[in-house]
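Each remark here refers to the structure printed beneath this line.
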Amino acid sequence: MTNKKITIKDVAKQSGVSIATVSQILNGNDDKFSPKTVEKVIAAKKALNYEPDYFARRMIVKKSKTIGVLVPDITNPFFGTLLSGIEKILYRENFVTILCNADSDDQRESAYLEELSRRGVDGFIIASSAISNEAINQNLRQKNRPFIVLDQKKAEGFSDAVLSDDFTGGKIAAQHLKDLGHQQVAVVLPKTATENIQTRLAGFRSIYGTNLEVIDASLSKIGGQAAVPKVLSSKVTGIFAINDEIAFGLYYGLKEAGKKIPDDYSIVGYDNIDMAAYVTPELTTVAQPVLKIGETAAQLLLERIAQPDKAWDEIMLPVQLKLRKSTAPLKSFS
Ligand code: RIB
């Protein structure tokens, strides 16, 4: 038995046609050939177990059928769901997804961008903000490489983008706490928040004005837990956690401090990741259509690849308040 790799040459030899004919037929351009020739080539491919070499194929057709996706933090389930949406569409269209986790590190992100470019991906989906506009310019715009931005990466009018309505999200979270009678409120979010998250804060402020505490925390459970001492030393009764992970961290820290949700603190999260329905009490949160955001981004990117000169598309998807058990009327209010 030999380990020799089967090549297109072997398929051509076995089917008695030229390499060019095999290449055309296996790349889907079979309409110029007789059904008999197509059949012979397909039969030889099957008999030899021939797998086309995608790198070699790329040299010829200038397409790799791969898409690079840059996310800031794969440990956050939000990005897992986002990726499922992206992959669902790409898989259906016979593209392979290459996931790069930037871990919120701009150097790593730039390196990934360059590497993906060298590997000849057909397009990029960028959900991470660490990458500088300069790197995007150098690696993508100037080279006319198709890409789309979403979530933490700001759209600047020079690319396609998928957004979700962060302003309304912040506003409905605030309105809910206000309707429950909470006068003293806090928003827990990173000090150096990305634009989408700052827009949520702006939406929240549109109801509460400047009458609120802003508590710094990373977008994680650990961040939420670390924010608890500041919550405890304040007079707040209503808390807007800028993502669900922060809310879960708050749950943990507040429980350790002997506090009860929603009796002592009402908490509204953001994202509506799966776990939100499984914690106790179930988390009231602003639901983003995460799967749909991913699907839409992949769809738009494929359209851009097919029509490089079409006008930029920017799609804004709606959010909604998912009422559960982590919020309640302020005691003196009810
Ligand atoms: O949980 C991750 C958060 O960061 C989400 O709210 C998402 O929108 C992202 O920006």
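Cβ atoms are placed via backbone N, Cα and C, with glycine included.
What TrEMBL records for this protein:
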- 4-55: domain 'HTH cro/C1-type' (DOMAIN)
- 6-61: domain 'HTH lacI-type' (DOMAIN)
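Within the model, the domain 'HTH lacI-type' (6-61) carries an average pLDDT of 86. Shown for the domain 'HTH lacI-type' (6-61): DSSP residue counts in helix, strand and coil, namely 41 helix, 0 strand, 15 coil.
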